[in-house]
Amino acid sequence: SGKQKVLPVRLLSQVLFRVVTFGLNAFTLRYLSRELIGVVNVRLTLLYSTVVFLAREAFRRACLSGSAKRNWTKTINLLWLTVPLGVFWSLILGLVWLHLLEVPDPSVVPHYQAGVVAFGLSAIIELLGEPFWVLAQAHLFVRLKVIAESLSVVSKCILTVTLVILYPHWGLYIFSLAQLLYVSVLVMCYVIYFVMFLGSPEATKKSFPVARVKALLPSFFSFLQTFVNWKEARLTWSFFKQSFLKQILTEGERYVMTFLNVLNFGDQGVYDIVNNLGSLVARFIFLPIEESFYVFFAKVLERGKTVKDQKQDDVAMAANVLELLLKLVLLIGLTITVFGYAYSQLALDIYGGSMLSSGTGPDLLRCYSLYVLFLAVNGVTECFTSALMCKEEVDRYNFVMLALSFIFLCISYFLTHWYGSVGFILANCFNMGIRIAHSTHYIHHFFRESTHSPLTGLLPSPALLLGYILSAVVTAFSEVLFCCDKGWMARLIHISTGALCLAATLVTMFCTETKLIHFVRRQFLSRYLKKGT
């Protein structure tokens, strides 16, 4: 019961922390140019994330594989190699960022060179805390991670807001200092914790494998054969060879923007802000659903077996849950798509002022509202297929994903030439559409020898579909008539129109989708009430 109480408190603290940072960022946006945002959020952040990823990702994956019971001296020695590797990548990529990429106009974005140096240095500082981070992660110090990340991000936000208000002419100096503060606070949280924890009665009681703070430093006195765990070192090299490709695919959009100059710095800044805003829905709503029900499907059905070889009661249960889950995320996605179209400009104007609500911002968010629908359906279909595919099917699917990722980068390049920053989101929609087609084909093939058809969950009732169409038409007309340069009274009328349409849609949903409403009550509300008690 104690653990059950800690979880909601921790979850609440994370939500509050995100709300605070969300508000601070919204306040800061009103004092900055979109070009400055583009250079910081795309160009410099890409430098930092690339250095950190190439220097540590392979080490993390290798050192967190297997049991926490190991020779931690050798593992810690191996982890300290991330620092010289980080210095190497910072120097190489820093030269590329300074001399090979387009340099922004100093009159619009001052102190670019200082920004490159500061973000490269911040990556190296963060790598100094890598042994502490891996040790904490291996021993499930979740609270330490939450506190360290919260303190560092809040410190960064507060310093950024303060400097933007007091010294707006500092340009990239502001974000350079904020970034250095962020990594310094992050590393110091881990260092201070382990300085206090090691040697304490609590550490002794837990039989913690590291007894002294000195043991967290590299021990060079050892012979080369015993300096590191060579099995972990070989595993690290194996992961390192994959890290280049993974980083390119993860940050593909930013690399296309940075190296191919398909967008100017202002458009890059607006795109990044809208992308972050749109991804909040996926992060807070869809991701928890996918993670929870992946575990459910993996437990109920046996991986690699056909539908006839499974227990039929389990098949019926899985099919029913999959159908209702598809219906749930479809309706959430449709709601966001329909109402997002007419309220994108208003939302951006409230959040970031005219910098976001003018130009390409509203069109970007409208397209992202459609992309959310693709994200919603893809998340559940892939969650089911990932829980059932055998090793050969997973390997085949990984190859398909690899090919799709390269196709996505190529399509992104061409679509951005034709449609500007909206082209990135259209390319994402295409990519997700292909993945949905692959997953639905797998689901149809799996259930074809049974009486179940869970893909019918992708078909909303005709009455509800009509309600969405009417809401889309009414809110679109409302936006033309009342939004967004006709004063606050007109805005309130536009918001009220949307609220009425949303209420009518929800009432229709409650009347026509009774099976889904019962499922939501049983799966989510009852679970919440149990935690409360």
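Placement of Cβ uses the backbone N, Cα and C atoms for every residue, glycine included.
All TrEMBL annotations are machine predictions without curation.
So that you can see what the record holds, here are the features copied from TrEMBL:
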- 36-55: transmembrane segment (TRANSMEM)
- 76-100: transmembrane segment (TRANSMEM)
- 112-134: transmembrane segment (TRANSMEM)
- 146-167: transmembrane segment (TRANSMEM)
- 173-198: transmembrane segment (TRANSMEM)
- 324-348: transmembrane segment (TRANSMEM)
- 368-390: transmembrane segment (TRANSMEM)
- 397-415: transmembrane segment (TRANSMEM)
- 458-482: transmembrane segment (TRANSMEM)
- 488-512: transmembrane segment (TRANSMEM)
Residue list, the transmembrane segment (488-512) vs rest of chain: Cβ under 8 Å, 6 or more residues beyond ends.
-> 331, 335, 338-339, 342-343, 346, 461, 463-464, 467-468, 470-471, 474-475, 478-479, 481-482
Against which stretches of its own chain does the transmembrane segment (397-415) lie, if we need a Cβ under 8 Å and a gap of at least six residues from its ends?
-> 245, 249, 252-253, 256, 260, 262, 385, 389, 422-424, 426-428, 430-431, 434-435, 438
By a Cβ-Cβ criterion of under 8 Å, what residues six or more beyond either terminus of the transmembrane segment (324-348) are in contact with it?
-> 274, 277, 281, 285-286, 289, 293, 356-357, 361-363, 365-366, 368-370, 372-377, 379-381, 454-455, 457-458, 460, 464, 468, 471-472, 475-476, 478-479, 483-484, 491, 494-495, 498, 501-502, 505, 509, 513, 515-516, 519-520
